[in-house]
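Student: After the structure tokens below, expect a handful of questions from me.
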Protein chains: 4
Amino acid sequence: MSKIIKKIGVLTSGGDSSGMNAAIRSVVRTCAFHGLECVGIYRGYEGLMEGDFINLDARSVKGIINKGGTILKSARSEEFKTKEGRQKAYDKLIESNVDGLVVIGGDGSFTGAMIFNQEFDFPVMGIPGTIDNDIFGTTHTLGFDTALNTVVEAIDKIRDTASSHNRLFFIEVMGRDVGHIALNAGVAGGAEEILIPEEDLGLERLEESLRRSRKSGKSSSIVIVAEGDKIGKNIFELKEYVDENMSGYDVRVSVLGHMQRGGSPSCFDRVLASRMGVKAVESILEGKTNFMVGLLNNKMELTPLENAIKGKSKINLELLRVSDIMTT
Amino acid sequence: MSKIIKKIGVLTSGGDSSGMNAAIRSVVRTCAFHGLECVGIYRGYEGLMEGDFINLDARSVKGIINKGGTILKSARSEEFKTKEGRQKAYDKLIESNVDGLVVIGGDGSFTGAMIFNQEFDFPVMGIPGTIDNDIFGTTHTLGFDTALNTVVEAIDKIRDTASSHNRLFFIEVMGRDVGHIALNAGVAGGAEEILIPEEDLGLERLEESLRRSRKSGKSSSIVIVAEGDKIGKNIFELKEYVDENMSGYDVRVSVLGHMQRGGSPSCFDRVLASRMGVKAVESILEGKTNFMVGLLNNKMELTPLENAIKGKSKINLELLRVSDIMTT
Amino acid sequence: MSKIIKKIGVLTSGGDSSGMNAAIRSVVRTCAFHGLECVGIYRGYEGLMEGDFINLDARSVKGIINKGGTILKSARSEEFKTKEGRQKAYDKLIESNVDGLVVIGGDGSFTGAMIFNQEFDFPVMGIPGTIDNDIFGTTHTLGFDTALNTVVEAIDKIRDTASSHNRLFFIEVMGRDVGHIALNAGVAGGAEEILIPEEDLGLERLEESLRRSRKSGKSSSIVIVAEGDKIGKNIFELKEYVDENMSGYDVRVSVLGHMQRGGSPSCFDRVLASRMGVKAVESILEGKTNFMVGLLNNKMELTPLENAIKGKSKINLELLRVSDIMTT
Amino acid sequence: MSKIIKKIGVLTSGGDSSGMNAAIRSVVRTCAFHGLECVGIYRGYEGLMEGDFINLDARSVKGIINKGGTILKSARSEEFKTKEGRQKAYDKLIESNVDGLVVIGGDGSFTGAMIFNQEFDFPVMGIPGTIDNDIFGTTHTLGFDTALNTVVEAIDKIRDTASSHNRLFFIEVMGRDVGHIALNAGVAGGAEEILIPEEDLGLERLEESLRRSRKSGKSSSIVIVAEGDKIGKNIFELKEYVDENMSGYDVRVSVLGHMQRGGSPSCFDRVLASRMGVKAVESILEGKTNFMVGLLNNKMELTPLENAIKGKSKINLELLRVSDIMTT
């Protein structure tokens, strides 16, 4: 039987993403709406083990819905991966009379939450906050949409200078294991080729694609490369390869880097965060635990944390095809 | 039996929305990919009846994916509502050997397309392009996401000045019959109240909400009002009402207006437009007609034009509730 | 002889503008740098008379350089226009051991500061914060550059929809007595005509200009109208006039309104604010009083408040001419 | 005696910058205003030597004022540095009856223009287009203001993630020989330290600054580094240095790269470009040659090309001091 929930804790963990603050705000206000107390936990599981908590009421999250990053700060924790670490965390929660925990983060954070739940039978609920969109059980993770807009704006700017100088640009975007950002931003930015970890196109295909693009009359080209692409070369090596093997290209490289994480969240991410916060708190109130809140078919749905972690969202094959057609 | 498709026409009709150009580009390039010819038709049904066509190949739509508005221009047509008008249109299509028609627009445009199809058995396919998001059969219409970001950025700016002066702002956003923009942007902008056509909250509820907001310590407030809200007063009358009936408020009004339609499309709208264009052309090639392409559960799906028009997308009741909780 | 300065107060007054927070931050940090105390005064002269002060150290202004509005809030005060009001203000300053006052605001605020200085021989220094750029002694007031970018982005968006529908748009921008925003944003937005308070072009000129624009092949037009233009009609009456007197125009109206005040300040405004804050505090330290800090020939210069108020910055005649040439 | 000017050529040369298109538009429309013909020359001096010209009338530059890059494309030319190259260019100009040349570019482009003028007594006029702002005779070059806003927006985004994780970021911005971008964007972005080519602060100063920043309670820090800073280490070596020599910092690196060049120009750059284009053409008409158009004290002024090149704009020492005070 689920016990009565009077106080909920919320933390952000792992790499930050835009929309985390909006989710914190939603968790806090939903608690207020239902007459629950809410505590913010600083620096993810680190702060959880240290008992670095702060009471949050509806007013304390004023003016944060449009702020990037996370007011609760985030961290990765090695200690929480140990039984001792998790015991410390549990003790701190009990000490502060916290009855449930909302974890905003990615798959690493969810793994911790799931183990914690199994060990201590403590109610946990996950909200997917990561720009990578690599979580099963939701079509969109918090921060993905905002990151895409940031990347596309950067591509648009680079396109200006690329076409002014008839250059070939390799642009690296985030995505160590998954190519969601690369694929979506590549299509939206009108990239001539997109290299993602899920596909090993090989250098021949890249060469062919660049040659076709030139033949078709394009004087400049943009190739989007996900950090973790499978082609076996990093972006600087790609430049070298083209410099050495293909004549007539003036190649430049740009690594977009950490600015992809920050920035004021898009409307989409703010709305999504607000919906997820409500769903997370109310699911705990309904006695549910060990789930992740997700967006499926435009509705809030629960997925067991275990599935969310294992599943890894698949690359959209239809979108891959759209990309190919657009660069005909 | 569907005849062989060799040439496809594309037009934009009704109020323009961001992403229309990206959809045109996608239609044109998908035609090129499949070895079809493509003609652009200027000014919607007006240009269709006049035979104001232009041949478009893959290169002619270069550099438009990130442009607002529509390079084919748009218009509303009275003449196309008559049998004579539609006959003229048909003659022009036959004269130019066009075998299928992609119509990018809203419900009015789809009604025209549907009747045209019924009368002449001419293959038509709809792509929902309108900022209002009021079409059944797709969770998102082209331009909706971009419009939301524009509105939310404006709210953020107005919030700065509202809170600097402890003011109450009424902000009018587009949406004559539907409150999708108001509801989403209101939640994302942290509005204290949202007035939409689907709900008649009454002035009492508004007053109560403003009083509660003040009691809770908020010194400034923002109320989002859809053009067509049911409260029976326009935004200037609302201001008057508060001036006369509630003391202590310094009220200001802002009508966001037409800038909501334009602007470079968001990544979301560019990707959506690219996907829709491919699906529209390939559906015609598969012999389908009289459908609208839509986004459902993150997939491209067809909905009969008739249903798309009649259905009207419903306001998201869950989101209404989220809005209430957030303003606790 | 100027007495030793140990504590400085800072307030924002009148209409808020972007960059005010950056100026507050600069005042506070310059005080810290010189070992002075600093107090923030809430709601302009209202808070000054009430003694609504807050101690500010270098850390308390963290993270505000990029925020629109003013954390100290702003207000207009009738009471401060009376001798009694100013006496109250003086008493509060003495009570709190404040030795000098930095006033961030426009000409109304400066008038108050000047009279206050004359009556009580209290050191005051002005920082021009207003989007209108109507202050003599500085080429740029705080918030002007940011407002211009906001207006130009809105014009760009409206241009998309205007040219998609071959429409004529009248766009109203801020500027009751001066046309700086209208003129600059009009040139930058490629407006076909610009109506400003400094010039009464007359309706004939407007008609002629619209006709010339159409003859030259333009299918859509944008006319920028300053709030206070001299043509004797507001923007809605202008629409009516064209509707009644010129055939063939599809006219729309957009009033940009209060969003022009807010938003994250541009780099220009942040740098300007940072420079002005340093100059203001250090000028008080040097025993100067009753001046305004301004930007002249890219340098920080002092102008007597009296001159700053009386002078009113003139419209740039060269820019007017540029505008005419661009719309040839 | 200057001959009668009937036709003017315009080209963009060197690295592209935002505002170049607005300047081209202004040159073209000013020619139209004065009844002159105008030809656009593609790819800078390369196209000049090849006679790659295009006639431009007032309509052909429609809709480019808000586009980044340059529709005329740009290039660097080795051949134009030879007498033979310049002779070819002269022949092409004479062949096409071009009487004067407007060169939009940086100091390298101006050097070419100056030599060309001296050799052939051909009227040339320079417009400073470079994001580096390293030209004497103007307080602002075209593209500088836009680049600053781009950099500051990126810093704001990175600040979100830096402060969420308590990290130290080194951010590299453009500026091989000059630190204008780094200094201005650093002040506007609230950077804790700014490393520019004009100053060798030494690693000790950097260490000290980081330690002071931490002592003052800052948990995250941002250091802006100009490409060409004098500290003797590139940005990746700086990270290594801190990793090895200072404990407790979680260091990240971001190289903003080419997106700094592109993007829709700010209002400031559009207005400046419009003014410069008018001044350039009208100066040629007045018989002037071998000058650069610049912005000095908010007025258009001419500076001999020789001085513009030699002078190099100095870093603003006052702003350096402001930067120091802000990071107290």
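The backbone N, Cα and C atoms fix where each Cβ goes, and this holds for glycine too.
Keep in mind the model is a prediction, meaning the values are calculated, not measured.
Copied straight from TrEMBL:
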- B:Asp132: active site, proton acceptor (ACT_SITE)
- B:Gly15, B:Arg76, B:Ser77, B:Gly106, B:Asp107, B:Gly108, B:Ser109: ATP binding site (BINDING)
- B:Arg25, B:Ser26, B:Val27, B:Val28, B:Arg29, B:Arg159, B:Gly190, B:Ala191, B:Glu192, B:Lys218, B:Ser219, B:Ser220: ADP binding site (BINDING)
- B:Asp107: Mg(2+) binding site (BINDING)
- B:Thr130, B:Ile131, B:Asp132, B:Arg167, B:Met174, B:Gly175, B:Arg176, B:Glu227, B:Arg252, B:His258, B:Met259, B:Gln260, B:Arg261: substrate binding site (BINDING)
- B:7-283: domain 'Phosphofructokinase' (DOMAIN)
Student: Sorry to bug you, but what's the C-alpha spacing from B:Ser109 (ATP binding site) to B:Val27 (ADP binding site), rounded to the closest Å?
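Tutor: Here the two Cα atoms are 18 Å apart.
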Student: Looking at the recorded positions B:Arg29, B:Asp132, B:Arg176, B:Ser219, B:Met259, which has the shortest Cα distance to B:Gly106 (ATP binding site)?
Tutor: B:Asp132
Student: Taking the recorded ATP site as B:Gly15, B:Arg76, B:Ser77, B:Gly106, B:Asp107, B:Gly108, B:Ser109, identify the other residues of that chain whose CB atom sits within 8 Å of the mean position of the site's CB atoms, giving them in sequence order.
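Tutor: Nearby residues not in the site list: B:Ser13, B:Gly14, B:Gly44, B:Gly105, B:Phe110, B:Gly112.
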Student: Under 8 Å Cβ to Cβ from B:Asp132 (active site, proton acceptor), same chain, six or more residues apart: give me those in sequence order, or none if nothing qualifies.
Tutor: B:Gly106, B:Thr141, B:Phe144, B:Met174, B:Gly175, B:Arg176, B:Asp177, B:Val178, B:His180, B:Ile181
Student: Does DSSP give B:Asp107 (ATP binding site) helix, strand or coil?
Tutor: helix
Student: For B:Ser77 (ATP binding site), which of the three DSSP-derived states applies: helix, strand, or coil?
Tutor: coil
Student: Identify which of the binding-site residues B:Gly15, B:Gly106, B:Gly108, B:Gly190 has its Cβ surrounded by the largest number of other Cβ atoms within 10 Å, counting every protein chain shown.
Tutor: B:Gly106
Student: Return the residues near B:Thr130 (substrate binding site), defined as same-chain residues 6+ apart in sequence whose C-beta is under 8 angstroms from its C-beta, sorted by sequence, else 'none'.
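Tutor: B:Thr130 (substrate binding site) has long-range Cβ partners B:Gly14, B:Gly15, B:Ser17, B:Gly105, B:Gly106, B:Asp107, B:Thr141, B:Leu142, B:Gly143, B:Phe144.
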Student: Which one is it: of the binding-site residues B:Gly190, B:Glu192, B:Arg252, B:Met259, whose Cα lies the shortest distance from the Cα of B:Ser109 (ATP binding site)?
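Tutor: Closest recorded candidate to B:Ser109 (ATP binding site) by Cα: B:Met259.
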Student: Quiz question: given the binding-site residues B:Val27, B:Met174, B:Met259, which has the greatest number of C-beta atoms lying within 10 angstroms of its own C-beta?
Tutor: B:Val27
Student: Measure from each Cβ of the binding-site residues B:Val27, B:Gly108, B:Ser109, B:Arg176 to the Cβ atoms of chain C, and list in sequence order the residues where some distance is under 8 Å, or 'none'.
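Tutor: Near chain C: none of B:Val27, B:Gly108, B:Ser109, B:Arg176.
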Student: So if I draw a 10 Å sphere around the Cβ of B:Arg261 (substrate binding site), how many other Cβ atoms end up inside it?
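Tutor: Neighbour count, Cβ to Cβ under the 10 Å cut-off: 26.
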Student: Whole number in angstrom, please: the longest C-alpha to C-alpha distance across B:Thr130, B:Ile131, B:Asp132, B:Arg167, B:Met174, B:Gly175, B:Arg176, B:Glu227, B:Arg252, B:His258, B:Met259, B:Gln260, B:Arg261 for substrate.
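Tutor: The span, Cα to Cα at its widest, is 33 Å.
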Student: What average pLDDT is reported by the model for the domain 'Phosphofructokinase' (B:7-283)?
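Tutor: Within the domain 'Phosphofructokinase' (B:7-283), the model's average pLDDT equals 95.
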Student: Which of the binding-site residues B:Gly15, B:Val27, B:Arg29, B:Gly190, B:Arg252, B:Arg261 have a Cβ less than 8 Å from any Cβ in chain A?
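Tutor: In terms of proximity to chain A, the binding-site residues that count are B:Arg29, B:Gly190, given in sequence order.
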Student: Give the number of CB atoms, excluding that of B:Arg25 (ADP binding site) itself, located within 10 Å of its CB.
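Tutor: Taking every protein chain into account, the count is 27.
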Student: Please report the DSSP secondary structure of B:Ser219 (ADP binding site), reduced to three states.
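Tutor: Note: B:Ser219 (ADP binding site) is coil by DSSP, not helix or strand.
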Student: In the three-state scheme derived from DSSP, which category covers B:Glu192 (ADP binding site)?
Tutor: coil
Student: C-alpha of B:Gly190 (ADP binding site) to C-alpha of B:Ser77 (ATP binding site): distance in Å?
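Tutor: Computed Cα spacing between B:Gly190 (ADP binding site) and B:Ser77 (ATP binding site) is 39 Å.
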Student: Between B:Arg25 (ADP binding site) and B:Arg261 (substrate binding site), find the distance joining the two CA atoms and give it rounded to the nearest Å.
Tutor: 19
